[in-house]
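> Starting off with a structure, shown below.
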Amino acid sequence: MEPIKNLPRLCRTLGYEFKNIELLTQALTHRSAANKHNERLEFLGDSILSIVISDALYHQFPKATEGDLSRMRATLVRGDTLTLIAKAFKLGDYLFLGPGELKSGGFRRESILADAVEAIIGAIYLDSDLEVCRKLLLHWYAERLAEIQPGVNQKDAKTLLQEYLQGLKKPLPDYQVINIEGDAHDQTFTVECRIDDLSESVIGVASSRRKAEQIAAAQVLELLKK
């Protein structure tokens, strides 16, 4: 857990300086850690993200159908995309978690990371206004919005990675579960993904094997773009 004195560093990473730093602290606080947690901010941020991305897609693709717009929005706001954004910001280093969540690796769990991104969006909105949120989110999403196309990038990460490697006539990815933690009703899966083009495996952590594989595949795709 990152000491609070480092929150200004996170602000620089986010590209936003909070007037009320307590809003950011709350956005990073999981319900396991305190009564004043981030779930209400997450609710707010989810709605703001949806309207900003919907508006951006509507104007970017004037001829796209409602179905294509909905699928593109779903791709951009779904949990694995938010998890990648959280990892880029290193949010796991700043989360405030209860002892149980901390011990079970909650700072890596995809749902907690994705929820924290939405909570931060809600906190920024309360600290500023919708227009500030819009500009910041469009900056965060600039590369993804530039790449997305109607009917193209709506496949999940595992499918996209498989098709990419098949197109190059390369071996398919190898996914292995390397760790399972927690009780049967609340497990955390750690999966590694290996491909020939990367010297080291990439790790995905999630509440199910399938989700962990998707997160690992998405990170491999990000690395292959570089």
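Note that the numbers count up from 1, one per residue, in the order the chain is shown.
The backbone N, Cα and C atoms fix where each Cβ goes, glycine too.
Note that the structure is predicted; figures quoted are calculated from it, not measured.
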> In Swiss-Prot, the Mg(2+) site includes D115, E118. Which of E39, E42, E192 does it also list there?
E42
> Just jot down the residues in the same chain as D115 (Mg(2+) binding site), at least 6 apart in sequence, with C-beta under 8 A of its C-beta; none if empty.
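Sequence-distant Cβ neighbours: N38, E39, E42.
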> About how far apart, in whole Å, are the alpha carbons (Cα) of D46 (active site) and E118 (Mg(2+) binding site)?
5
> Same-chain residues six or more away whose CB lies under 8 A from the CB of E118 (Mg(2+) binding site)?
L41, E42, G45, D46, L49, L82
> Taking DSSP states H, G and I as helix and E and B as strand, how many residues of the domain 'RNase III' (7-129) are helix, strand and coil?
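Taking the domain 'RNase III' (7-129) as a whole: 88 helix, 2 strand, 33 coil.
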